[in-house]
Every structure is written in C-alpha cells, then in structure tokens.
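Here's what TrEMBL has on this protein:
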BINDING   Asp482, Asn509, Gly511  Mg(2+) binding site
DOMAIN    44-149  domain 'Thiamine pyrophosphate enzyme N-terminal TPP-binding'
DOMAIN    241-359  domain 'Thiamine pyrophosphate enzyme central'
DOMAIN    451-576  domain 'Thiamine pyrophosphate enzyme TPP-binding'
Amino acid sequence: MDTNIGSLDSCKPTSNDVCCPANGAVSTIQGSVSPTIINSSEATLGRHLARRLVQVGISDVFSVPGDFNLTLLDHLIAEPGLNLIGCCNELNAGYAADGYARSRGVGACVVTFTVGGLSVLNAIAGAYSENLPLICIVGGPNSNDYGTNRILHHTIGLPDFSQELRCFQTVTCYQAVVNNLEDAHEMIDTAISTALKESKPVYISISCNLPAIPHPTFAREPVPFSLSPKLSNKIGLEAAVEAAAEFLNKAVKPVLVGGPKLRVAKACEAFVELADASGYAVAVMPSGKGLVPEHHPHFIGTYWGAVSTAFCAEIVESADAYLFAGPIYNDYSSVGYSLLLKKEKAIIVQPDRVVIGNGPAFGCVLMKDFLRELAKRLKQNNTAYENYHRIFVPEGQPLKAAPKEPLRVNVLFQHIQKMLSSDSAVIAETGDSWFNCQKLKLPPGCGYEFQMQYGSIGWSVGATLGYAQAVPEKRVIACIGDGSFQVTAQDVSTMLRCGQKTVIFLINNGGYTIEVEIHDGPYNVIKNWNYTALVDAIHNGEGKCWTAKVFCEEELIEAIETATGAKKDCLCFIEVIVHKDDTSKELLEWGSRVSAANSRPPNPQ
C-alpha cells in the first residue's frame, strides 16, 4: 500500500496528552490532486525543491548564504509557502532545523559548499543520533567543474570535490549530489522520502548553476511521489504478542518504561493505550521525558538509575518484569553502567524488533502494532503502582530563602515550575539543566526537548530558535548554562528578527558545571560575560526584547512577573546569578558514577 505525498498536513506540536512530540508524523496526507501544468519560469529545479519542502510540512528553512547557494536561495524565497530564516552561523542553522523537526516532524537547512557544510556537520550528527528527519541542502560547485581537475575556493585545495560528501556519509541516511537536471527530480524526491521513512537526516548537494533552469520533469504540479509504509509481519507480531503476554501475565509486579525511540516509532499513543489497559506503574527514561503524559494516573517519574525520581528506581528495579519501549542504554542514561536491571526480567521493544528476556527475539514487528495488540492481551495488574503509592512521600520544598539571600538553583526551578502550562514548552541545555528540568512536572500539552544522546553544548540556542518558529502559539522556556550559551549566543539575534517571545533563563555559575562534577580542572572555568548587556547590544533597539539580571528570589519573582505580564510579547532574557558549586544532588551522584566509568583502567592484555 502506498501513501501519496501531495500536500502534507503539517504536524502540530505534540501535547503531553497525545504524547508524541511529533517527529516524523508524515503519514497524514491529503488526497491526490489533478496535476496542472505550471509556467516555465516556475518549472525549475529550485522551485521544485521549494515545493517539495512545503508539501512535507516545512514552512521555515534555516540558512546561511554563500556564493554557491545564492541562486537556490532566490528560488526558495520565491515559494509563497516558504519562509527563509537567515542564521548567524551554520551550526546554529543546523540546530534550528533540529529543534524545528522535533515539533513539525521534519526540518531543513541550507548552507554553502564545504566551508558551510563542514560547519553544519556537528548539528547534523546530533540530529542523526536523535533520529530526526532533517534535510540538509548544500549549494555545490558549478556542474561544469566536476571531473575537470580544477581547484575551487571553499575547499581544502584539492581537485577532488568529494570531501564534504564523504563526511556526510557517516551522519546521514542518504546523499544526493545533483549536478545534472535529468536525474535531479528523482534524486531530490528519493532524498526527502528517505529522510521521512528512516527518520534520519539526508544530504542534498545542488550545483550552483542549476536551480534557475527549467526542465520538463518539473513542469507539473504536484508531481506525486509515494512512501511505502512499514508493515509488521503478521505471524511474527502474533507470536511476539503471545510470548510477551505470557511473560507479563505471570509476573507479580510488572512495570512499563518509555524510552526515546517511542518518538521515531510513532508509538506514543500506543504506549499510553498499553498503560491504560494494563494498570502497570509507568516510568520514562530521562531522554523519553515529554513523550509520555505525566498526568497519567499511574505515572511514577523518571527512571535514571541512582538519580531517578524519588521512589521510581526502587519500583522499577524491584519489579519481576519490565517492558522497556524504545530504550537507549548508553553510559549517560545508565549512570556509568550502574542500572540494577536483569536481562531475563526485561522485554525490550525497539521500533521494529521485540526481545523477550534472554530470548526469543522477533523481527519485523512494529512497536506501535505490538503495543496495541499486547494491550488487548494483558490482565490488569496495578501491584507495582500500589507499592509505589504505599511508599511514596511527597517531595519537600526548598529551604525558605532569607531576605536578599543569594539565589539557589532549587529555588529558581521551583518558580520555573509555576510558569509551565499547556501553552509552554521547555528546552533544556546539556549540563545541570538536564537534571533540574528533569524534575519539572509537565502539565498536559507542555512540550519538552533536550539532546541527551549527543549532548552537544550550545545546542539549545539554535534548537530554541527552531522549535519556537515551528510553534508560535507556545511560549518556549529555555534553561541554558553560561558555558553553553557562549558557544552559540549569536542567534538570539535571529530570535529577535523572527519576533519570538521565548523566555531564556541564563544560569550564570561561572563555568562548565557538568564537566566539573565529572572531572574538575582550570579548563572548566570560563570568562564571565555581562550577559544581559550582550543581549541588549544584540537587540540594538530592533525588535521586542527585555532583559533582567537577578541575584535573589525577590528579584526573580519580579522578573518572572514582568516576563509573563507586561513583557509577555517580548523575548525575555533573565540572567540568574548562582554560586559556582550550586548544583542538583542528581548531578553530583551522576557525575561521580560517570567519572568512575570514564576512568576504568585498561583490561589486562
């Protein structure tokens, strides 16, 4: 069965109710439209690419101009459904496309050959690690220069133009080098459809002399192409469900844990159906936060080994059976390989594979199909949740601050918690914000994003730009450390140009705190900036911007009241001054365990 992509319903940001922050929801497609002939001035490669981007739900493309992509940018600008957003550098353009894809289901960026491509590469690698469909478009050399043994600018000075392509081959699932018009239509369509099917980035290089040239293959609108949906093997699905049901139904206190690959499997709703039907206690892995509704009646928090939500790890690790849906076990998510889990107790459900205990394994079984069918076969068992409820003690409140006492991080996040609603979304930067934001309780509809697998500091500035552009109806709250902000600060400028109303909490503690807790040294101390003055300078009187520097709780309360009141239509930048050693207790524990894992001596040879 084929799914025609003509005009694609854009994917709205996911609510915590429905659960999937919508990466890759590309299956909702409108009926086919009778093709119409378009005039030759629009039957060009550049306009075809622009129309394709619009058809898959992209309305904003993040770019940095360079001489090899300028003509292509002209054609993207000419597309009525497309908005071109110029970023300050390629890295941030890639991060913005990443943030956009998390909300819309697919994102795109456009840079120039090699000098721009290698600059955006780190952001593309991050999107690859997080299973995000991202279309990276590069303006390439003139088609006449291929195979001529010429040396071009923006390259490393060799007559071989393949360096950029070879770099992208490891971080994209498809690469198209378009240097002739005859194959252009097919290559572009294959690249875009592969990004959507694989939920990974793709690379498209387009020779700089081709975007404006008409060609018969671009003369009809729309030119339909199709995605063949993945289907479960019915016999395998039935066998997997039967084996899993038998495994879980004989357990005394089973639990469910949601992981980050729920998103790429488009299985968030199916996971909730299973939770509703089974009555099991429900937790999430840290990188799965935001994919499972936290107001679910059996939700018990984040399972993160020794740094889990209070009472959550005890329930998960003492269970006699646990189903993990879409987990990623790495040294960070396992807290230095210290999770107290046993393989023989686990059902591991990946996007297209199920493994039960030490075996058997079932391939060609889609996660959402498996979870939905399993929900019909499980007996209600709320023992684990009752055990959790029995031992649960409500969290204490931070110590009350004395008047004008220097602000503590736990007090800051107590006030950020009060800001959250269905109309907001949280972006958490790599660092202690991982741990502090993890403890926020997300109300229904509140978005949540962070980059745990790749963990690139500075990601959040560009991602905030892209996410906020994709969902202007939500107010994004970004929690960013000072060290991370120094990497990518420039694109606050682009947020202002786009009229965004984000609230940025810049947590100024004088260094790379997460690195300090793993391994300290003088390299973790950074030059302090006057961050509010910097943002005021970037603002420069153009756009709506408001800044504040706070040192104590009273000033924080006043700043939040202003940001959510008189300045609610502005980009609000609140610099929060805290002590360099003021960290979450979870970071202290986590850092010690990760440090121990990093410093293991070599095995004897």
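Each Cβ is built from the backbone N, Cα and C atoms, and glycine gets one as well.
The structure displayed is predicted, hence computed values, not measured ones.
Same-chain residues that are not part of Asp482, Asn509, Gly511 yet have a Cβ within 8 Å of the Cβ center of the Mg(2+) site turn out to be Gly481, Gly483, Ile507, Asn508, Gly510, Tyr512, Thr513, Ile526, Lys580. Long-range C-beta contacts of Gly511 (Mg(2+) binding site), restricted to its own chain and to partners at least six residues apart, with a cutoff below 8 Å, comprise Asp482, Gly483, Asn524, Val525, Ile526, Lys580.
Taken through DSSP, the domain 'Thiamine pyrophosphate enzyme N-terminal TPP-binding' (44-149) splits into 50 helix, 22 strand, 34 coil.
The residues of the domain 'Thiamine pyrophosphate enzyme TPP-binding' (451-576), classed with DSSP into helix (H, G, I), strand (E, B) and coil, number 58 helix, 28 strand, 40 coil. Taking the Cβ of Asn509 (Mg(2+) binding site) as reference, residues of its chain lying under 8 Å away and at least six apart in sequence are, in sequence order, Gly481, Asp482, Val578, His579, Lys580, Asp582.
The helix, strand and coil residue counts that DSSP assigns across the domain 'Thiamine pyrophosphate enzyme central' (241-359) are 39 helix, 25 strand, 55 coil.
All protein chains shown were included, and the count of other CB atoms within 10 Å of the CB of Asp482 (Mg(2+) binding site) stands at 25.
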